[in-house]
Amino acid sequence: MTLSNQLSDLRLFRQYAYIDGKWTHGDAGREEAVFDPATGEAIGHIPVLEVEQIRGAVDAAEAAFVQWRALRADERCERLLAWYDLLQANREDLATIMTLEQGKPLPDARGEVEYGASFVRWFAEEGKRTFGDTIPSHIPNAALGTIKEPVGIAALITPWNFPLAMITRKAAAAMAAGCPVIVKPAHETPYSALALAELAERAGIPAGVFNVVLGEAAEVSKLLCDDERIKALSFTGSTRVGRLLLEQSANTVKRVSLELGGNAPFIVGPDMDPREAAFAAVAAKFQTAGQDCLAANRILVHESIHDAFVEQFAERMAALTVGNGLESEVDLGPLIHGQAVEKASAIVDDALSRGATLVAGDQREAPGPNFFMPTLLTGVTPEMQVWREENFAPVAGITSYRDDDEVIEMANDTEYGLAAYVYTHDIRRIWKLLRALEYGMVSVNSVKMTGPPVPFGGVKQSGLGREGGVTGIDEYLETKYYCLGALGSVSGS
């Protein structure tokens, strides 16, 4: 199934890079195919750009920076709000593109379009609130203060699991601040990024302000990191790659924002109803087929309700439908490619070899080679991969704990620190866990925790900086201090 025969607006299906307001082939004619993970069929091709073309994107952004930063904040706001309106108006086509290239169920894709668009609206308005400060002067006859200025060109390297929202969350903040952007989307999911470029052009965003480059990830990323004209780099992806990009950006001393891996604990207190908690845990685990940095990775249940919780979890998990994301009533789509399936299988095999119990998860029922059936393991322990690694698959590992002190130690036993979930109605337990958990975000009695007002980000090896909220735009702003001296006395006659 091709994208073009599924869309009401065929112009949203672009198979070229977008640089300086122009749709661009690769100079050497190199291409790579993009596949539907549900069927394995190619849905299109994209160019592999040459080095000089990537540098040309930086040239375009550099030229556009002069004009874009000179606009008033309310003028940039108007263009971003026009972009927001177009995202909403084209939600169905954008969702279809996303499902075909990424695999997630169509309702989830629609939700991502809404979620991604909401950041455009949020930052369009936040750009008008980049206030400076007035500083009480310690210098006679002087006025002191600060102003906020755009940092410069921002390079945005985005993942395949949320191919639209991870772009808008970064790009809207940067553009609202006055910074042009160069987007490098994941090669598995380029078409969402290119559709965003088409709509940005329609919204009146000037040429060179929003660019999309395509090519071999390591080569393009290295070029962007090495170019001193790029002043900010924002990356969402694995901790391993994030460390590499941080190292590569050191020579040019870039402003670096990293949203990296997660290994979220889901803690269930002894006072919880097992059914309520289990249903919430299933939702936290299996969104996007587990391919989510916020997915519950280690489910830690008090020993007094462990068995009842496992029973309810297995029952709810069994009701999930796995299939092509374009089909109705599908809860889980495919994994992104065969390597992801192989990794999921290896994680399960490792756990079983180390003593875990397979409660459910018959892979013979998978509807295709890129699918992985929801899997439940109990008795998981710290030496297992399912405990130590971000599995990015529909594999749930459950274990029990005795008391709050033990579960805090278990939850913090990881290099990651992005998000944690706590389910309990005991206010003292809530406060104790909230303070003791080493995570950038803690959600209590709610699976949903993110959105435009939220400062999204982690601690430890889960990243640097925050996206969203009132501080998200600061990733793309410099604070300039001024001292106005020799102003004379302001005392009256």
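Every residue, even glycine, has its Cβ placed from backbone N, Cα and C.
According to Swiss-Prot, the protein has these features:
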type	residues	note
ACT_SITE	Glu259	active site, proton acceptor
ACT_SITE	Cys293	active site, nucleophile
BINDING	Trp160, Asn161, Lys184, Pro185, Ala186, His187, Gly237, Ser238, Leu260, Glu390	NADP(+) binding site
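Taking the features listed in Swiss-Prot, we show where each one sits on the structure.
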residue : record                       : DSSP (3 states)
Trp160  : NADP(+) binding site         : coil
Lys184  : NADP(+) binding site         : strand
Gly237  : NADP(+) binding site         : coil
Glu259  : active site, proton acceptor : strand
Cys293  : active site, nucleophile     : coil
Same-chain residues at least 6 positions away from Leu260 (NADP(+) binding site) with a Cβ under 8 Å from its Cβ, in sequence order, are Thr236, Gly237, Ser238, Thr239, Gly242, Cys293, Tyr416, Leu418, Gly458, Gln461, Ser462, Gly463
Chain-internal residues, separated by at least six, CB under 8 A from Trp160 (NADP(+) binding site) | Gln102, Pro185, Ala186, Glu188, Thr189, Ile336
The number of other Cβ atoms within 10 Å of the Cβ of the residue listed as 'active site, nucleophile', counted over all protein chains shown, is 27
Calculate the distance in Å between the alpha carbons (Cα) of Glu259 (active site, proton acceptor) and Lys184 (NADP(+) binding site), and round it to a whole number.
-> 15
Row Lys184 (NADP(+) binding site), column other C-beta within 10 angstroms, all chains, value 24
Hey, what's the Cβ neighbour count for the residue listed as 'active site, proton acceptor' at 10 Å?
-> 27
CB neighbours of Gly237 (NADP(+) binding site) within 10 A?
-> 22
